[in-house]
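Asks: Sequence annotations record features per position, and here TrEMBL assigns transmembrane segment to 20-39, 51-71, 91-110, 177-196, 202-222, 242-267.
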Amino acid sequence: LFDGVYPFYPQQRKAAVFDISTVIVIVVFLTLACSFLLIIPGIRGRARLYWTLRVLLSLFVGLVIVVVQFTGDWETGWVQANTSYKSFSPVQVNADIGLHIGLAGVNVTLRGNPVKQINETINYNEHFPWNFGANYDRSYSEGLEKGLPSPILYVAEKFSTQSPCAVHRQYRIAGHYASAMLWVAFCTWIISNILFSMPVLVYGGYMLLVTGAFMIFSLLSFSTVRNSPMCPIQIGTRTLHVAYGGSFWLMLAVGLLCFVAGITIVAMHHLNLDLLKAFFGLREDKAEEYQEMPEVLVNPHFMNKG
């Protein structure tokens, strides 16, 4: 022992608070939203409300499509149990063990109850990637070499390629195709905004429907992992169960929102085109284009000749 700690265990890592990629995406979209809010006072009348609703709703959809690519809560699970803390040690701690599954990997969280136990701070959040180009087994081996706490290594081992659970390949492929579907949805979202600005409203509505369809396809792709049974994750006397997390349900809600918005735009194009043009700020432009001249000058020479 070295000061009461096994020497092959390094200083405890602090739990991650924010994902850098998620923060960057949120800052970019917030910058766009703030830029629009600066020019919104220059829009007069009821069109100001319509512009605000359209732009903020569109930015929200784009933000969700990109952010969920980097979140780690497509599936989540928590359990509180008494468990061993380190290998080769009989000492047990009371802790919350969390499992957070994303498209690119899995996060395993260990938080003590209380955080300060056995003269240590028990607060870990370790990420193990499985996206294409990453090596999950190597990340797991590095965790073994660093001497991560036993509960984290136990949970992470369930998703390794050598595990008898055999869920690594399913999660990796499902996450890959779900991510690809979301990037296609992001492209169709951009096209729909271009069509709305041209303006070709009905085709913009069609592309909004395509955006919602690809978002739903991404959910169906990720949910295919449920076809393979998950090994039980036994922590002490408790079992860790996972369920769909916030990113999954948020994507489902936004996908249905795109469907509703697209169907509404297409229906209004066929049923009440004037109302649709008024919502997109086209009715006033048309009125100004066909506005009658306030004064008409007539040449008397041509009138007499006639």
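For all residues, glycine too, the Cβ spot is worked out from N, Cα and C.
Note that TrEMBL annotation is computational and uncurated.
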Asks: Restricting to the same chain and to residues at least six past its boundaries, which positions have a Cβ under 8 Å from a Cβ of the transmembrane segment (20-39)?
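Replies: Counting only partners 6 or more residues beyond its ends, the transmembrane segment (20-39) has Cβ contacts under 8 Å with 52, 55-56, 59, 62-63, 66-67, 69-71.
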Asks: Checking distant contacts: for the transmembrane segment (177-196), what same-chain residues at least six beyond its ends satisfy Cβ-Cβ under 8 A?
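Replies: Residues 54, 58, 61-62, 65-66, 68-69, 103-104, 131, 203-205, 207-208, 210-212, 214-215, 217-219, 221-222, 251, 280.
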